[in-house]
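According to Swiss-Prot:
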BINDING   His75, His232, Asp236  Zn(2+) binding site
ACT_SITE  His259  active site, proton donor
Amino acid sequence: MKQLTLAKTVKGVGIGLHKGEPIEITLEPLEANSGIVFFRSDLNASYKASPENVINTQMATVLGDDRGFISTIEHLMSAINAYGIDNVRIVLNANEAPVMDGSSISFCMMLDEAGVKELDAPKKIMVIKKPIEVRDGNKFVRLTPTKEPRINYTIKFDNAVIGEQSYNFEFSKKNYIENIARARTFGFLKDVQALRSMNLALGGSLENTIVVDENRILNPEGLRFKDEFVRHKILDAIGDLTLLGYRVFGDYTSYAGSHHLNHLLTKEVLKDKDAYEIVSLEKTTQKAYEKVFA
């Protein structure tokens, strides 16, 4: 298998979740071994998508340095991962990626419009060789070796609408588009005022967020899936793991995980060189490796 980039440049416009301002986004092809690069056109500043460049994980995954930052990258990163794109430049004219409808389906549509192009370099994946786990009390995220990568995610909220939900996701592009990509971000009505007092969630609305009260969902159309909440957490986790620079070939398990725990997990993986192996798919014929890109 070869590395992939986009066949052509595509453009889009959306609202920023936290600042509520219109944002222009452009996805551009990049040459082999470039990785995923964010570029803020208003600052003339580039940020490689990697754990080392993450500066905040409070409400979203944020890349940055002393020049500035780019927030809420995880939904776009998730779609890029699902499509097997290895090299792409993401141009933004603001400090966050647009939220679109709160899921990653709009980014999937942009990638469909762009198409893919094979590059003259072998695709590489990160194969997990031993268990790596990060805990915070009873919350944890874990990567373990596997023959067929899956995500097993459980969430538990003290809320009658959400409660406890679990979902097991088996990696493939088709499975992602059908079962994960349309799952929207969510928030609680009781938190809205506090967030907005901190200049956060200013662009949040029923058009891009599932808003949950104590015992009801405020969105008139309801849920897209009965377990949309945990599916969105899987969407986020895929995006966060993409910061490792490769499709991760390992089982990811989470109980009440978060952007912060995912970030700590990626750092722990990179810290232990015995925990993973970078495998070139040009040198292997194992169908299990190729299956995840189907």
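From the backbone N, Cα and C atoms, a Cβ is placed for every residue, glycine too.
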Residues within 8 Å of the His75, His232, Asp236 Cβ centre (excluding the Zn(2+) site residues themselves): Glu74, Ser78, Ser103, Ser104, Ala183, Thr185, Lys233, Ile234, Leu235, Gly239
Around the Cβ of His75 (Zn(2+) binding site), the count of other Cβ atoms that are within 10 Å: 30
Cα-Cα distance linking the residue listed as 'active site, proton donor' and His232 (Zn(2+) binding site), given in Å to the nearest integer: 12
Distance [Cα-Cα, Å, rounded] between His75 (Zn(2+) binding site) and the residue listed as 'active site, proton donor': 12
Rounded Cα-Cα span from Asp236 (Zn(2+) binding site) to the residue listed as 'active site, proton donor', Å: 8
Tertiary neighbours of Asp236 (Zn(2+) binding site) (same chain, Cβ under 8 Å, six or more apart): Glu74, His75, Ser78, His259, Asn262
Site with most surrounding Cβ atoms, counting all protein chains shown within 10 Å, from the recorded positions His232, His259: His232
